[in-house]
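As written in Swiss-Prot, here are the features:
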| type | residues | note |
| --- | --- | --- |
| ACT_SITE | K14 | active site |
| BINDING | P92, M93, G94, G95, G96, L97, G98, G99, G100, S101, S102 | ATP binding site |
| ACT_SITE | D132 | active site |
Amino acid sequence: MGESYRIVLRTYAKLNLCLDVLGKRQDGYHEINSLFQNISLFDEMDITLSDGKGKLLINSNVNIGNNILNSVWELVNCDNKNVYVNLQKNIPMGGGLGGGSSNAAGFIIALEKVGIISKEQSLKIAQKVGSDVPFFLFGGTAIVKGRGEVILPVEPLTNFGKFKVDLHLPNFSISTKEAYSKLKAEWFGKAPITPEELYDFYKTRNFEMIKKGTYNIFERVIPMDLLEKIESLRRDFPAALTGSGSTYFALKEDGKYSFVPKGVEINAFEKS
């Protein structure tokens, strides 16, 4: 009989503190330039691996359809273990918070932890299943370029004091594919400052410049009533859409959520 494992972990949501698109690539993807940050909103995953024939069973509190975890498991191509995943979704789906990508990263990290895949394989699988997934393998704070696969980890902003945010969750989701299709070339590269500059302003807690640099290109293609809500917040706080929406955030001293220094956190690991 082989070994069985149980891994319990949290996978944290992310914000794009700024998000610009620099152009469309020859492969059809868009070149992004962004500052990513994990926040304290998280999903919970309870993963059990035991001897079997390569089956994956996912149980969740919401209807997750053809989940990204299936794509990960297909690429792993393991035929001597069965996996059961209990997934408690707290991160809204389709809102630009990276919940599915964080789940995929958590699953990949768990499979690496038990020795089914190597660290090198982890990154390759992450790059194949979703543009945001590689970030969550590093987590915390990072400058992200390319189509999301170029990760430049930087010292977590949590090392420079507390940052808190409020999230605003409209009751509709926005298709990322559709949002990208609406972008116009003349909008590319128009962010007021670079992600590197914005990161430095966060480090020095220069909130006036943080407010100036909090930018998201996708605000150009969202419904007008949503944009008006963001701009109303922006009069007093750094505020923007995250991802392609529909969630938007505002940096506030009394915000409900905090910046966190990791994308995935293992809370329990059992071997039998």
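Cβ atoms here come from the backbone N, Cα and C positions, even for glycine.
Here the features listed in Swiss-Prot are placed on the structure.
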residue : record           : DSSP class
K14     : active site      : strand
P92     : ATP binding site : coil
G98     : ATP binding site : coil
D132    : active site      : coil
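For S102 (ATP binding site) paired with D132 (active site), the C-alpha to C-alpha distance reads 8 Å. S102 (ATP binding site) counts 29 other C-beta atoms within 10 Å of its own C-beta, drawing on all protein chains shown. Other than the site residues P92, M93, G94, G95, G96, L97, G98, G99, G100, S101, S102, same-chain residues with C-beta atoms no more than 8 angstroms from the centre of those residues' C-beta atoms, the ATP site, are A13, I91, G243. Cβ crowding, taken as the number of other Cβ atoms within 10 Å, peaks at G96 among the binding-site residues G94, G96. Checking each of the binding-site residues (P92, G94, G96, G100) against K14 (active site), the C-alpha distance stays within 10 Å for G96. A distance of 13 Å separates the Cα atom of G94 (ATP binding site) from that of D132 (active site).
With a cut-off of 8 Å between CB atoms and residues at least 6 apart in sequence, the same chain places G99, L169, S173, T247 near P92 (ATP binding site), listed in sequence order.
Taking the C-alpha positions, the distance from G96 (ATP binding site) to D132 (active site) comes to 10 Å. Looking at D132 (active site) and G98 (ATP binding site), their Cα atoms lie 7 Å from each other.
The Cβ of G100 (ATP binding site) lies under 8 Å from the Cβ of N67, I68, M93, G130, each of which sits 6+ residues away along the same chain.
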